[in-house]
Every structure is written in C-alpha cells, then in structure tokens.
Amino acid sequence: MALVRNNSSNGREPVLSPRSLTSPRGLTSPRPLSVQPTPEPVRPLANFPPSIWADRFISFSLDNSQLEAYANALEEPKEAVKSLITDTTIDANTKLKLIYSVHRLGLSYLYPDEIDAELNKLFEKIDLQYYEQVDLYTIAVQFQVFRHHGYKISSDVFKKFKDSTTGTFTDDVTKDVKGMLSLYESAHLRLHGEDILDEALAFTEAHLKKILTTLEGDLARQVNQVLKRPFHTGMPMVEARLYFITHEEDFSSHESVVKLAKVHFNYLQLQQKEELRLVSQWWKDMQFQQSVPYIRDRVPEIYLWILGLYFEPYYSRARIIATKITLFLVVLDDTYDAYATIDEIRSITDAINRWEISAIDQLPEYIKPFYRILLNEYDDLEKEYSKDGRAFSVHASKQAFQEIARGYLEEAEWLHNGYVATFPEYMKNGLITSAYNVISKSALVGMGAIADEEALAWYETHPKILKASELISRLQDDVMTFQFERKRGQSATGVDAYIKEYNVSEEVAIKELMKMIENAWKDINEGCLKPTEVSVALLTPILNLARMIDVVYKFDDGFTFPGKTLKDYITLLFVSPPPSLEN
C-alpha cells in the first residue's frame, strides 16, 4: 500500500489564527485574512514492500537452562574432534578431508591452533609430485582446505587434468562429477594470473549446467546448490547447514563430528533467536514504524546480514550493536532516498555533522525522534566502552556515520541538479554510500581486544582487501538495483555513470562492472593468504561482508524485496528446527 502522508513535511499543519484587527479610529474591522495551508512537498516515495515477518520474532522466549545444556553437551564431541584433528596416525588424505568437513560445518573456529599446526606440517610435506598420484576430487578438496586457511598452494596441481595438445581440460574430467564440482569450488579461490583456474571456472560451470538435469539425489542437490552459490561466496552459517544436509557422506564416518555439528547448530539457533528477539523488541520500542513509516522495515534481514559477518557465540554483543547501527543506516538512507526534500536533507546532514542535541531544533518534526535515539544510542555505547578504554571504536563508527550522511547529501545534490557524475566521481562517493565503512567500523565495536587501536589504524590505511570488499559492495548493489532506481527517478548508479563516461551500452557497462567485481574477489583472496597484515579474526568480517553482498544482490535486490533468498535463509536459521539430537 502506498505510504501517503497527509500532514506537512515537519509533522505540523501551519496554523495562523486571525487576529481581531481594529482600526485606530474605531472604524469597522477589515475582513479576516484568508490563510492558505502550506502545501505538502512532493516526496519521492518508494512504497517499499512491508516486512514479511512483522513481530514474529519478538514472541521468542529463551530457555537459559536449555542453552546451558547445549553448551555442556558441546564439550564431549568437541574434545573428540580435537583428538581426531591432532591424531598422528591418520593419513594426510583422511586428515585433510576431516579438516575440510570441520571447516564447511562452521566448526573450525573451535580449533584455530590445532588446525593451523596440522596444516603447517602437511603443507611442508606435500608437493606437486605427490599430487601426480591423486584424483581430481581429492586434489580439489585439499586445494580448498589450504587456500581457505591462508596457504598459497599452487594452482599447478590441476595441470595434469589438461590435455597437453589442445590445452583444454580432458574428457575424463567431465566424467567425474564430484571432481568437477570440487574443481568449480576451487576456482573461486583464484588469484590474479591463475589462468588455469579462470579456465576451470568457465569449463566446469558449462559442463555442470549441461548435466544437471541428468543427475539425481544428493549429487543433483549438491550441483544445483553450488551453481547457485559456491561455498566461498556464501553465508557461512547457511552454507554449514546446507552442507550438513547434502554432504553427509563426507563426514558421517566420524560420529563425533556429526554429534558436534548437531549440538552446535542447536546451540547457535537458540542464541541467535534471542539476539533477534532483542533487536526486534528494541526496534518496536523505538517506534520507527510510527515516526518514519516510509522506510524499509527489515529487522530480521539486517540481523541476518550482520550474522553473516561473524556467527561465533562470543560475538553476540558485537552483532547486536552492529545490527542497531545498520538499522539506523536504513532509516537515514530511506529518508534521503524516499522521503526528504533537498532542504530537509541538507538540514539533517548538518545536524548529523554537528552531533549535538541542540541541533534537533533545525530538523523536520518527523525525523526528530530518530535523531534523538541515534545520539542516545551512541552516547550509551561510548559510556559502555570507555570503561575498558575502547571508546575509540565508537568514535570511529560515529565518524563513518557522519561521512555517509555527507555522501548521501552529495547524491541528493546531484539528483536535485540533474547531474550525472563521471564514473570516477561516482565511485569516490559511491564507495562511501555503499555503507561498507559504517558497517565494517561498527562491526569492530563489540569485537573486544582483537579490534584494538592498531587494528583500527590498519583499517584507516584502506588496504587492498578492504578496498576490494568495498568495491564489491558498491557495484554488486548497483548492477542489481539500477533499473529500480531509474524507474523511481533517483540518482544515477554506477551503471549509468559508466555508460555516460565511456559511451557504451547498458550491456557492456554491466559486463565491465562484473569484471571489476571478479578482480576484486581475486584481491580479497590474495589478502587472506599468509602472511597476513593483521589477525585472521579481523580479515574474516571483511571477506564475509563481500559474501553477504553476493547473497543479497546476486540475483535481485534481496534487501528491498526479501521474499526470495533472504526469506529462505531466515527460515532455515531461525524458523526451521535444527538437526535433531535424537538420531
């Protein structure tokens, strides 16, 4: 239903009361002034679809005793799996397949030191000669294990599967569906200059699509699932659940792995449903749907997005903080894009830059509650984190929020003036308005000691991996939303700017932007290889933020219209029961 506001833009009808005007000589009073109400400004309403979840997640009630029971139940299988990982009697192939399954099931964070120690030993022993004796599936699995954990295993391990005469992959590869599927997964970990993996990606994708209709059972589901979204570009929690469902034969021989995965899924679902309840209740209490009803009401979707950055139990507080700040961003973005006039946008931007409660007087009435809540939340965070000397992280998040407000204003001025920016101009501002900087900085706030001032200083240098993830955030969004934005008459996206800058067709522009995204993924892959500049714990949210952009925007604007991918993901993680512990 269209969101139509009959009140004036500042929430109050301008009223002028006629005064009794009497002439100084006592003559008859003049006629009362005819007062015309100030017309409601034309607003760029987007009529966003309403939430598909309403208050569903508020009703959840956490059973703390059950959560504690799951925590206790984790200990036995956790120790058993640790013993498997460190078992010196297990051969290299079995050990690497075990680590592969542990990683795919989202359990590797439980054993960072043990896995690293084992991979160090194995990486030193294994060479190209060893791989001459191994099949494609095994090689591809081991390639993924090493690359996912930062080891630069050579892509030359796949050379033996190419025809020396034609230079293409052999027919034998097409007959090995599991091997081909694993090679396809491996190709997404490619670096710049790894032509063999570029070729492998195109080759395996074409052949897997060709044979998909001939496959049955789990193998058909595996191929369909991976063609839709490879593990490397997926949301870790969702990929773990899907792997458990469709790849049980990979790990079913290890009873302790199966048990650990089941208990882990049950524990995480309880914890995460409670977090979702907390942010949903907070959102309702803040009454944003009453004060700013034109915005996208997307609490579960934003929580899912942040969960995609880090799902580990010890980041619970971090997720709640980052979810709230990202919801603030949604309010700001939709206010600038889908409601405020240019004069109101200028006033709001100025107030956010001033960041003081006295600035509220200059704001239109409808946005005042938001501004007050925004300042209060940040003030509470600053007090909370000043106690352990971490207020610097809150300041960084606040500065990023102020920066994005200025970026949104820049876009609004372009639209107001009918200006289509050059592509370099667009990208400079577009990387800011992608919201990447705000989300990534806000994600640091609750991460604890690992996200210290040195880590923040590294962020501020804008390293290549950060730039790459940021670029993906901007361009993947643009490619999927530019038509919707055009229809609404909104500011030009990267697609429009590229068309204008290089005088090319829409098709060519999209193709070139997708190439830029592809190269950015290679930069991310390189940035995750050892030796890394900072802790892997800091790199992982950067990688995962790029993954979540792919999840949300690969096929459509999944955030504005969340009834497809995000609905399925939310259902899987927070509605459907996790694997039963009874069997």
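Positions of Cβ are set from backbone N, Cα and C atoms, glycine also.
For reference, Swiss-Prot has these:
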BINDING   ASP333, ASP337  Mg(2+) 2 binding site
BINDING   ASP333, ASP337  Mg(2+) 1 binding site
BINDING   ASP477, THR481, GLU485  Mg(2+) 3 binding site
COMPBIAS  1-11  compositional bias 'Polar residues'
REGION    1-41  region 'Disordered'
MOTIF     333-337  motif 'DDXXD motif'
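Here the features listed in Swiss-Prot are painted onto the structure.
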| residue | record | CB count, 10 Å |
| --- | --- | --- |
| ASP333 | Mg(2+) 2 binding site | 17 |
| ASP337 | Mg(2+) 2 binding site | 22 |
| ASP477 | Mg(2+) 3 binding site | 22 |
| THR481 | Mg(2+) 3 binding site | 19 |
| GLU485 | Mg(2+) 3 binding site | 18 |
Helix, strand and coil residue totals from DSSP for the motif 'DDXXD motif' (333-337) stand at 5 helix, 0 strand, 0 coil
Integer Å value for the Cα distance linking ASP337 (Mg(2+) 2 binding site) with GLU485 (Mg(2+) 3 binding site) is 10
Note on Mg(2+) 3: the CB centroid of ASP477, THR481, GLU485 has further same-chain residues inside 8 Å, namely ASP478, MET480, PHE482, PHE484, THR493, ASP557
Quick note, THR481 (Mg(2+) 3 binding site) and ASP333 (Mg(2+) 2 binding site): C-alpha atoms separated, nearest Å, by 14
If you measure between the CA atoms of ASP477 (Mg(2+) 3 binding site) and ASP333 (Mg(2+) 2 binding site) and round to the nearest Å, you get 14
Across the motif 'DDXXD motif' (333-337) the predicted model averages a pLDDT of 96
